[in-house]
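Novice: Got a structure for you, questions after.
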Amino acid sequence: MSTAATIDKISSIIDQNKDALIARLAEAVEIPSVSGSAKYRPQVVEMAKWMAKSLESIGCENIQFKELGNQKLDGQDVGLPPVVFADYKSGGAGKKTLLIYGHYDVQPANKSDGWNTEPFKLVHDEKTGRLYGRGSTDDKGPIIGWINTIEAHRQAGIELPVNLKFCFEGMEESGSVGLDGLIENEIKNGSFFDGVDAACISDNYWLGTKKPCITHGLRGIQYFKLSISGPGADLHSGLFGGVVHEPMSDLFQIMSRLVTPAGEILIPGISDLVRPLTDEEFNRYQIMDFTVKDMDDATGSSTTIADDKEKILMARMRYPSLSLHGIEGAFSEAGTKTVIPAKVIGKFSLRLVPDMTPDKVVELVEKYVQSEWKKIGSKNTLKLDAEPGGKPWLADPNHWNYEAAIRATEKIYGVKPDLTREGGSIPVALTIADILGKNLLLLPLGRADDGAHSTNEKIDILNYIEGTKLLGAYLHEVAAATS
Ligand SMILES: NCC(=O)N[C@@H](Cc1c[nH]cn1)C(=O)O
Ligand SMILES: [Zn+2]
Ligand SMILES: [Zn+2]
């Protein structure tokens, strides 16, 4: 059978399976595998077991739970969720082997954050054809896409044209703790990753809502927790306001000196680390199929700092950013409690681009925060903690891996995909590319307006189903491009 006919056959089975594939995603969304909170750790482990069972049901072998030890979280000593390894061995000699990475953990979600539906229940909106639920697009939908496509191959009696090695982690949303060490150890001891020819990750989004893309770069991340404490307990502001240095006022001072409302990072030395822009790179932003409206649709507002396409794209893809995320310990409920919080922890992170490294960024941020703290002259105590960082990643798209993904996208969606860089971070990307030394490709399923990490996260049924077909088509195009 020709590659095109095979892809058509698999695609029609995926269409027939649609309801069952939605039910499979619903099962996964119901497990609240939130990695960032100790209270949900048992559910993250339950999700690892769900993944293992699903991989077994489609014929995967050598399924292993790789334990990573413990971590301190929310003041408790908790076990890290296992990394799930599995092989899908396809018969026949000379086939390429692809490493597929994804994550089965999710960001936190509470209905009270502003969700219209229960976040851990997949809700099918018949009118819009959307599936709402935490993890639907980040990253449960995409990783289940791999399971769906293998199942369709087995039902069609068509052998997979490549071998697959799966690596699914449960800590991606919390800094991928332990994963780099595990991969390095595996490589040193020569086992699971032997024979990998290239890698693919499906864990990012189209630039807009209509046109698919293929991604060859990611920003890195360095997350900080800045704690300021003073009074022995929360105080009455009527009795102690104006009397003591207030941790929250101190924190606001420091946080407001990190970044301007126009997004300019105020930490000296950061911009010197950014690789200069070339004419050739600028041209890539000019030809990207993208409008300011696409960004407005994705944010649900007209709040972009820049008003032209290239500046918006570069802000997302090739420049660093600093975001303020929240304050632990601050009064945040309804009402007018007149408290002076005794201890507050400000959370902020920087997205890193070539040639920034987490170590250098930590050094610059520490130096700057300490010097600003001295200027404030508070008697409170400041402590700055840096979380494990993730480096940026940039790949050469002139490779059969990209050629195959472009062809597969053309087959399924009928358009040539844009070649993009993503503003988000997947800490393991650089490890796969550098330590494994293999070409890595990002093949997104979801759209820009999916609301990953946000309230009302969704995946369109079209993206889930066509995306499942795309993953299958990609495997066949890899075989065609390398034979
Ligand atoms: N889909 C990838 C993703 O969302 N990655 C996270 C990674 C992260 C979260 N906290 C620390 N790293 C991201 O925010 O980019
Ligand atoms: Zn993700
Ligand atoms: Zn995420």
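Placed from the backbone N, Cα and C atoms, the Cβ positions cover glycine too.
This is the feature table in TrEMBL:
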- Asp105: active site (ACT_SITE)
- Glu172: active site, proton acceptor (ACT_SITE)
- Asp203, His236, Thr338, Arg351, Ser425, His453: substrate binding site (BINDING)
- 217-375: domain 'Peptidase M20 dimerisation' (DOMAIN)
Novice: Name, in the order they occur in the sequence, the residues of the same chain whose CB lies under 8 A from the CB of Ser425 (substrate binding site) and which sit 6 or more residues away.
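Specialist: The answer is Leu218, Arg219, Gly220, Ile221, Arg351, Leu352, Gly390, Pro392.
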Novice: Does the residue listed as 'active site' have same-chain partners at least 6 apart in sequence with Cβ under 8 Å from its own Cβ, and which are they?
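Specialist: Sequence-distant Cβ neighbours: Ser33, Val34, Ser35, Val44, Met47, Pro81, Glu169, Gly170, Met171, Glu172, Glu173, Ser174.
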Novice: Would you count the other CB atoms within 10 A of the CB of Thr338 (substrate binding site), including those on all shown protein chains?
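Specialist: By my count, 12.
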Novice: Would you mind listing, in sequence order, the residues at least six apart from Asp203 (substrate binding site) in the same chain with a Cβ closer than 8 Å to its Cβ?
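Specialist: Same-chain residues close to Asp203 (substrate binding site) (Cβ under 8 Å, separated by 6 or more) are Tyr101, Gly102, His103, Asp138, Asp139, Pro142, Glu172, Ile426, Leu442, Pro444.
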Novice: So, in DSSP terms, is His236 (substrate binding site) helix, strand, or coil?
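Specialist: The residue in question, His236 (substrate binding site), is strand (DSSP, three-state).
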Novice: Can you check which residues sit near His236 (substrate binding site), meaning Cβ under 8 Å from its Cβ, same chain, 6 or more apart in sequence, and list them in order?
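Specialist: Looking at Cβ-Cβ distances below 8 Å from His236 (substrate binding site), excluding near sequence neighbours, one finds Thr338, Val339, Ile340.
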Novice: In the structure shown, with every protein chain counted, which of the binding-site residues Arg351, His453 has the densest set of Cβ atoms within 10 angstroms of its Cβ?
Specialist: Arg351
